[in-house]
Amino acid sequence: MNPLRLLLLGAPGSGKGTQTSKLLKHFDHVKSVSSGDLLRQQIRLNTDLGHIAAKYIAEGKLLPDSFVTGLVLNELSSRRWLSSKSTWLLDGFPRTVSQAKSLRSELKPHGATLNMVVELDVPESVILERIENRYVHVPSGRVYNLTYNPPKVAGRDDVTGEPLSKRSDDTAEVFGARLANYRETLSPLKAFYSKIGILHKVSGETSDIIFPQLLELVQRELTKN
Ligand code: AMP
């Protein structure tokens, strides 16, 4: 199989976490990193970066590029993913053109630049409804939806049995700020990846409609000559 280095782009609540879980379940060898999960981990560990992150996240604002870029690049490096043979998926990073440029220049010398970017295009009305029903298992990043994807035991993570919680930045006010940020940064980011020729889009209202489209794109990339 060919290496796959994939970025999932999508509004908060568009289902990046859910699609990522589905892809990881489908392909044993695909692994993922989520910048939001890395930041929430820093908050739990009570680090300096965690303190800074908590403030930005609470207001639904993007962290300064250098903080997130450093964190994600360190993670890629410590997982030994900076290699042309590596296969992985990024969720939530890059979110700005500046982050995209830093990532690209870091990956290029290793022959490990992204080879696919997929935008998850979900109507905003659907997203808003989804957020109300969203619960997460913070340590793993696993996402549940009380309507579409409920946990097997109410309020408990399927794998560990630990309690689920509501994300503190899923309130109407903070969520509005996060959506606004997304709208502002999306077009330049899409233009960047479209110029490189690796941008794709999948559209739909539910993860069951989105996933088969995503799977087809991924399968094509993994098996192309
Ligand atoms: P997420 O889990 O991807 O929705 O991210 C949660 C929050 O973490 C965002 O609202 C931002 O405050 C912060 N964050 C995550 N990824 C990034 C990024 N690439 N650049 C800046 N801030 C980020």
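Sequential numbering from 1, following the chain as shown.
Heads up, the Cβ atoms here are built off N, Cα and C, so glycines get one too.
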### Task
According to TrEMBL, Ser35, Arg40, Lys61, Leu62, Leu63, Gly92, Phe93, Pro94, Arg95, Gln99, Arg167 bind AMP; so which of Arg156, Arg178 is the extra one listed there?
Arg178
### Summary
For Phe93 (AMP binding site), the spatially nearest of the binding-site residues Gly13, Gly15, Gly17, Arg134, Tyr144, using Cα atoms, is Gly17
#### Entry: Cβ neighbours within the same chain of Arg134 (GTP binding site) - under 8 Å, at least six residues apart
Gly13, Val143, Tyr144, Asn145, Lys166, Arg167, Asp170
### Task
Report, as numbers and ranges, every residue of the chain located at least six residues beyond the region 'NMPbind' (34-63) whose Cβ falls under 8 Å of a Cβ in that stretch; write 'none' if there are none.
16-17, 20, 71-72, 75, 90-93, 95-96, 138-139, 141, 168-169, 173-178, 181, 185
### Query
At the Cα level, what's the spacing in Å between Gly17 (GTP binding site) and Arg95 (AMP binding site), rounded?
15
